[in-house]
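Colleague: Positions annotated as transmembrane segment by TrEMBL: 41-63, 83-103, 123-144, 150-167, 174-190, 196-214, 235-252, 272-293, 300-321, 327-344. Positions annotated as domain 'Sugar phosphate transporter' by TrEMBL: 55-344.
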Amino acid sequence: MVEAQKWTRRMSNPRLDTAATADDHVLDIPTTPTAEVRNGIYTFGSLLTPNLLTALIIASWFMSNTGVLLLNKYLLSFYGYRYPIFLTMLHMLSCASYSYIAINFLEIVPKQHILSKKQFLKIIALCAIFCFSVVCGNTSLSYIPVSFNQAIGATTPFFTAIFAFIITCKMESVKVYFALLPVVFGIVLATNSEPLFNLFGFLVCIGSTAARALKSVVQGILLTNEAEKLHSMNLLLYMAPMAALILLPFSLYNEGNVARITLEKAKTDSFIILLLIGNATVAYLVNLTNFLVTKHTSALTLQVLGNAKAALAAFVSVMVFRNPVTMTGVTGFAVTIMGIVLYSEAKKRSKITTY
């Protein structure tokens with residue numbers, strides 16, 4: 001951009017050009033406008049400061065993560081759409097479609113390719129664990145409240161520490177293990193005082209949480225080679241269609257021809273189509289905003305936000321669905337969240353002392 005300059009115009013006749021400079025005429029040349037101004041084009045990003053953009057991304061992350069939980073709960077429990085495997089398969093198809101558009105057309109990240117059969121088999125193994133985790137999580141929402149589901153889900157670091165020790169023999173510091181005690185104690189309190197406790201829902205939610213922790217440990221082991229490491233969005237691009245194929249036979253066997261049932265229901269209630277499309281879209285936005293939050297902040301920030309999300313989702317679900325809670329249950333949930341915060345801090349300090 002050319003800065004404003006001042007030019008002095010003097011009389012052309014030197015005899016008339018006296019020493020009195022007050023008669024000089026000063027011309028202000030305006031700054032040269034940018035191409036966007038000249039063409040009347042303003043990009044959305046140019047209107048946002050970095051801090052405002054980050055705040056909007058974090059707000060989108062909260063809304064998508066809370067929204068998918070509430071939509072799943074509404075569909076599976078209140079709307080009567082009791083097909084958690086088929087619903088998860090729709091999520092995977094949505095993630096595959098949106099990921100293809102985001103990477104191949106919008107180019108939000110460079111596209112990576114699967115380089116070997118060995119890498120392909122590793123991704124399938126991760127995909128199987130991922131499917132089990134998501135299906136169990138969605139199934140649990142048919143039996144237990146979102147608040148209790150989030151309390152159990154907050155214990156993921158506890159299972160991660162266990163699997164890391166069993167599989168890799170990795171020992172954490174005493175402070176890290178000590179910080180996990182409130183996590184366990186809190187969930188015991190919440191479980192004993194949950195008014196809508198359901199054993200099957202509790203067990204499948206524990207299975208979902210454990211599988212989520214197992215996936216993170218296995219992913220760290222299988223994709224250690226720099227050549228085999230995939231960006232999170234590329235990994236989703238390959239895992240999502242594989243997951244849909246894995247889930248299809250299980251859905252047909254356990255739930256029947258849900259596609260036909262859904263189309264029949266849509267003839268009398270078209271709202272079901274809007275619900276399913278919206279639910280599947282929000283499921284993809286969860287993954288997209290995870291990536292954007294990490295990109296604009298850090299992985300540690302995402303972990304801290306995860307703790308806040310669990311509390312927010314629990315609060316919103318109680319407000320929306322009016323499920324009963326007890327003070328002991330709220331206390332147990334708070335103790336669990338406090339334990340996660342202590343665990344994160346202890347983990348961070350142990351890494352600093354290691355280096």
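The backbone N, Cα and C atoms fix where each Cβ goes, and this holds for glycine too.
Predicted automatically and left uncurated, TrEMBL annotations should be read as such.
Note that the coordinates shown come from a computational prediction; the quantities given were computed from them, not determined experimentally.
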Colleague: On average, what pLDDT score does this prediction assign to the domain 'Sugar phosphate transporter' (55-344)?
Modeller: 90
Colleague: Please figure out which one of 196-214, 300-321, 327-344 racks up the most CB pairs under 8 Å against the transmembrane segment (174-190).
Modeller: 327-344
Colleague: How about the transmembrane segment (123-144) and the transmembrane segment (300-321): at least 3 CB pairs under 8 Å, pairs 6 or more apart in sequence, or not?
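Modeller: They do not touch: fewer than three Cβ pairs between the two stretches lie under 8 Å.
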Colleague: With Cβ-Cβ distances below 8 Å as the criterion, list the same-chain residues six or more beyond the ends of the transmembrane segment (150-167) that contact it, or say none.
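Modeller: Contacts with the transmembrane segment (150-167): 69, 137, 140, 176-177, 180, 183-184, 186-187, 190, 202, 205-206, 208-210, 212-214, 216-218, 221, 307, 310-311, 313-314, 317, 329, 332-333, 336-337, 340, 343-344.
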Colleague: With a Cβ cut-off under 8 Å, give me the same-chain residues at least six positions beyond the ends of the transmembrane segment (327-344) that come close to it.
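Modeller: Same-chain contacts beyond the flanks: 147-148, 150-151, 154-155, 157, 176, 179-195, 300, 303-304, 307, 310-311, 314.
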Colleague: The transmembrane segment (83-103): which same-chain residues, six or more beyond its ends, come within Cβ distance under 8 Å?
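Modeller: Distant Cβ neighbours of the transmembrane segment (83-103) are 72, 75-76, 109, 111, 131, 134-135, 138-139, 141-142, 233-234, 236-237, 240-241, 243-244, 247-248, 250-251, 254-255, 258-259, 261, 276, 279-281, 283-284, 287-288.
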Colleague: Among 196-214, 235-252, 300-321, which stretch has the highest count of C-beta pairs below 8 Å with the transmembrane segment (272-293)?
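Modeller: By Cβ pairs under 8 Å, 300-321 leads among 196-214, 235-252, 300-321.
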